[in-house]
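Working notes, beginning with the structure itself.
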Amino acid sequence: MRFDVLTLFPRIFDGYLGESLLHKAIEAGLVQVHTHDIRDWSRDKHRKVDDRPFGGGPGMVLQVEPIVDCVEAVSRQAETAGRLVMLTPQGRRLTQSVVEELAEEPRLILLCGRYEGFDQRVIDLLQPDELSIGDYILNGGETAAMVMIDAVVRLIPGVLGDEQSSVDDSFSHGDRLLEFPHYTRPRVFRGLETPPVLLSGDHQAIARWRREQSYLRTEQRRADLLPDSTESATGTTSDPQTPTLSKDSRDEPRAD
Ligand code: SAM
């Protein structure tokens, strides 16, 4: 999969691209990430790409000409035009299901804003997929682009050591619930024991316990993720009128 990142600050990506999973994925040829400096498409001798907003007010606005020129030139650099994504707090929210949708694309072109954001005509002309990573304001789209790349590459076959780990992850396809708790050595730490079922070797019992824990956690922490009517962990259909857990059990302190 190919990512093209359009930014005023390409060097922000250097450290991130050179480390850990992403570095390995690039080395293995599973992922390509190309960064492009938007200023290279400036029509100004000082490489300026922003100007004061018409109508007055604080801040600077990214100009339409260099952005459109940059997007069009970068699009032509590969056979597949790819999907153009604009990082913006005003876009639809990036969720795991949107990440899964993006991971199906052969190529993503990520447009990172700065200052007050883009001249509206960039959006009108290019009609990008406008995506937000949450309801807060960042200084620029670069960190949002990194979040997106990080989430998407996990889903590319071969990037994770074990494909199952992205299937079990919280919010992931299938049930979209939070993941169950994990334990590793030592078996006991300061009196806190590993649940015996995990040491039992009984794979069916382990799978059942994990499903239950996943459901309980979701109900305790993120009840909004539960569908109105769903197969509960114990296999019975839960009804919003008769929740699987009593209120008391939801209020108990977390065991993890
Ligand atoms: N004035 C804009 C507004 O109120 O909608 C915010 C501009 S913000 C300071 C500068 C850039 O950061 C944006 O153009 C966008 O690329 C990026 N950005 C900020 N918050 C973001 C978010 N929550 N998700 C994605 N990108 C974001």
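Glycine is no exception: its Cβ is also placed from the backbone N, Cα and C atoms.
Note that this is a predicted model, so its numbers are computed, not measured.
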Which one, GLY113, GLY161, is listed by TrEMBL in the same S-adenosyl-L-methionine site as ILE133, GLY134, ASP135, TYR136, ILE137, LEU138?
GLY113
Which whole-number mean pLDDT does the model give the domain 'tRNA methyltransferase TRMD/TRM10-type' (1-226)?
96
For the binding-site residues listed here (GLY113, GLY134), tell me which residue's CB has the most neighbouring CB atoms inside 10 Å.
GLY113
Which number gives the other C-beta atoms within 10 angstroms of the C-beta of TYR136 (S-adenosyl-L-methionine binding site), all protein chains shown included?
7
